[in-house]
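Structure first, commentary second.
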Amino acid sequence: MPSIHPSIDNGITKGDPNFKGGKLYCHCPTRKVEVTLAGNVAHNHACGCSKCWKPEGALFSVVGVISKDAVSVTANGDKLHIVDESAAIQRNACKECGVHLFGRIIVDHPFKGLDFVHAELSPQKGWQEPQFAAFVSSIIEQGFHPSEMDAIREKFRKVGLQPYDVLSPTLMDLIATYTAQKSGKLPAKL
């Protein structure tokens, strides 16, 4: 079976709930882009969408969110570019090696104010471990054979991750609440 993700394939290492953050680095051999995260990630998950950066040979990325105020480019920011300026999540990647360092939402969106990051780009240990798998069926759109999907979902379950074809129920509830508040169906403050 192909690799789901290096941090998932052989079991998941638990993170440290008191972890204070660290630095992410692109894969360039020199003049690496450095991004400092002043805190741990939340909602860390395996993502099968076609937009997220994935390690070579992996079917899924592992991505979490952190307040955009806790994210700062601390070295070689001149090497960053936005992969797709029309996307809701503006993924900032290294122009040279292609690694995505952070994704920022600048349009009106339920997750505006949160940046999407790949904690695996950090040498520090203690980041929140993956909590679930999202957009699992999306790997079919990238050429994965549909007949093998049950095995993928079972592999996630074996390591303790619930596979979803959207986001987790908690995140879907947040999106629905945001939408209801914007439309006036729910009060702005609950």
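Cβ coordinates are placed from backbone N, Cα and C, and glycine is handled just like the others.
Here's what Swiss-Prot has on this protein:
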type	residues	note
DOMAIN	19-165	domain 'CENP-V/GFA'
BINDING	CYS26, CYS28, CYS94, CYS97	Zn(2+) 1 binding site
BINDING	CYS47, CYS49, CYS52	Zn(2+) 2 binding site
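All features noted in Swiss-Prot, drawn onto the structure.
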residue	record	DSSP class
CYS26	Zn(2+) 1 binding site	coil
CYS47	Zn(2+) 2 binding site	strand
CYS52	Zn(2+) 2 binding site	coil
CYS94	Zn(2+) 1 binding site	strand
Beyond the site residues CYS47, CYS49, CYS52: chain residues whose C-beta lies within 8 Å of the centroid, for Zn(2+) 2 | GLY48, SER50, LYS51, LYS54, PHE60, SER61, VAL63, ALA134, PHE135, SER138
So what sits near CYS52 (Zn(2+) 2 binding site) in its own chain, CB-to-CB under 8 Å and at least six residues off in sequence?
-> SER61, VAL63, ARG91, HIS100, PHE116
Here the Cα-Cα span from CYS97 (Zn(2+) 1 binding site) to CYS49 (Zn(2+) 2 binding site), rounded to a whole number of angstrom, reaches 20
Lowest local Cβ density among CYS28, CYS94, which the record lists as binding-site residues, within 10 Å | CYS28
Using a 10 angstroms cut-off on Cβ to Cβ distances, just flag whichever of CYS26, CYS47, CYS49, CYS97 is the loneliest among these binding-site residues.
-> CYS97
Cα of CYS49 (Zn(2+) 2 binding site) to Cα of CYS26 (Zn(2+) 1 binding site), in Å and rounded, measures 21
